[in-house]
Amino acid sequence: MTQSFQKVRALTGMKDVLPDTSGQWEALEAVVREWLSSYGYRNMRTPVLEHTRLFTRGIGEVTDIVEKEMYTFTDALNDEQLTMRPEFTAGMVRAAIEHNILYDRPQRVYAMGPVFRHEKPQRGRYRQFHQIDVEALGFAGPDVDAELIVMLSRLWKTLGLTDIRLEMNSLGQADERAAHRDALIAYLEQHKDVLDVEAQRRMYTNPLRVLDTKNPAMQEMANNAPRLFDILGSDSLAHFEGVCERLRDAGIDYTLNTRLVRGLDYYNLTVFEWVTDRLGAQGTVCGGGRYDGLIALLGGKAAPAVGFAIGVERLLDLCAQSAEQVTLPECQVYMIHQSPDAQRLAAKVAESLRDAGLRVIVHAGPAGFKAQFKRADASGATVAVILGADELAAKTASVKWLRVKEDGQDQPQQETIALDRLVTELKLKV
Ligand code: ATP
Ligand code: MG
């Protein structure tokens, strides 16, 4: 007797993409690849697993990700500390350094795929989610910073998204952040009574992050805190203005949000987020910025860089709110057969139809005409091709149109087509 097996479910916060919705993912991925290559970006693929120290160093010890969100474990085979990537940038930079690809010329690169963060699951917040990550390595800007943002605006337009707005800030350079830090810590000390536990813990290690709080009780305190933006020197301001004037050239609206700091430590100068009100609490669809110090921090020869990451689940959610969703049909042609001979012929004809570029399913296994027809309908096919005894004898196929054409043109419900004309006719009509 077989032992009963307790059903296994997916892990909390990790979602399956089923066949009826994967079409939306694939359509988005296709648009994204074309969009990125139109700006000269090339694909890069790095491993999901990396040494933990890459992320603790690259992202920063006192960040949400490193403090509490990483899937880290010890490889039992060789005792190494490993982490499932929580974002792409650190791995992309590691690979660029390791393979010396920044030596001769700068690189425009991108990656798409899953990343992992142990967060409390809710709408727009998962433990395995996907990012489209774009990095311009070796560019000092501000032209490339602006180009990345203009690029994003083009993507939103291509996807038909309108309710998405741009927030910008500058985090200046390390010396400016150091000068601001003392004033900020002094201010936070004066307002210790309103700081939550996390803020109290971070006020000395990463005080800027305290201002990024979502705690409603801390908003007024954060709004009135000394602003890093106000003490930026002329070089940082000129860089920021250089980005903004190019955005104005491109007709892109933005707001200055001086509290925008981003969740990772490595940013300097330009930071930005694209935000929407249509997704509830998790409204940031894309975040990015400049990280001129990271390449050297990870052991490479110093080089400037700028990039962004889009949250794919949030983007798809927003697309679903903004445009009608279409499910990809299983096939265009569904072949129905009524005898073993007809089934073998159907398999042959299907190959010729595929040669002509059509997507075809041949009904598998024996089944009555009615059952096969029901399947044909459920498959979303445009047309059912029926091979029965009469058709076999007459070397014809019965073709039944299952859907009204979008152009509204009249179409016969059913017709008989000679087998040697079938490929040509269907190629023309489907
Ligand atoms: P948040 O403030 O929402 O936690 P973050 O600053 O941690 O965001 P980034 O590290 O900038 O996010 O990641 C880039 C994008 O990835 C975000 O703008 C968002 O669209 C998406 N994202 C981040 N965390 C998650 C998650 N847990 N589930 C789904 N998407 C996410
Ligand atoms: Mg986060």
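Heads up, residue numbers simply count up from 1 along the chain you see.
Just so you know, glycine gets a Cβ as well, placed from its N, Cα and C.
Model, not experiment: these values are computed from the prediction.
Here is what TrEMBL says about this protein:
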type	residues	note
DOMAIN	1-329	domain 'Aminoacyl-transfer RNA synthetases class-II family profile'
BINDING	GLU87, PHE88, THR89, ARG117, GLN131, GLU135, ARG262, TYR266, TYR267	L-histidine binding site
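The Cβ of TYR267 (L-histidine binding site) lies under 8 Å from the Cβ of LEU171, VAL261, GLY289, ARG290, TYR291, each on the same chain and at least six residues away in sequence. Set side by side, the binding-site residues THR89, GLN131 differ in how many other CB atoms lie within 10 angstroms of their CB, and the most is found at THR89. The number of other CB atoms found within 10 A of the CB of GLU87 (L-histidine binding site), across every protein chain shown, is 19. Largest Cα-to-Cα span within the L-histidine-binding set GLU87, PHE88, THR89, ARG117, GLN131, GLU135, ARG262, TYR266, TYR267: 21 Å. In this structure, GLN131 (L-histidine binding site) is part of a beta strand by DSSP. Per-residue pLDDT, averaged along the domain 'Aminoacyl-transfer RNA synthetases class-II family profile' (1-329), amounts to 93 for this model.
Long-range Cβ proximity for ARG262 (L-histidine binding site), meaning a same-chain Cβ under 8 A and a gap of 6 or more residues, is found for LEU171, ASP212, VAL271, GLU273, GLY287, GLY289.
GLU87 (L-histidine binding site) carries neither a helix nor a strand DSSP state and counts as coil.
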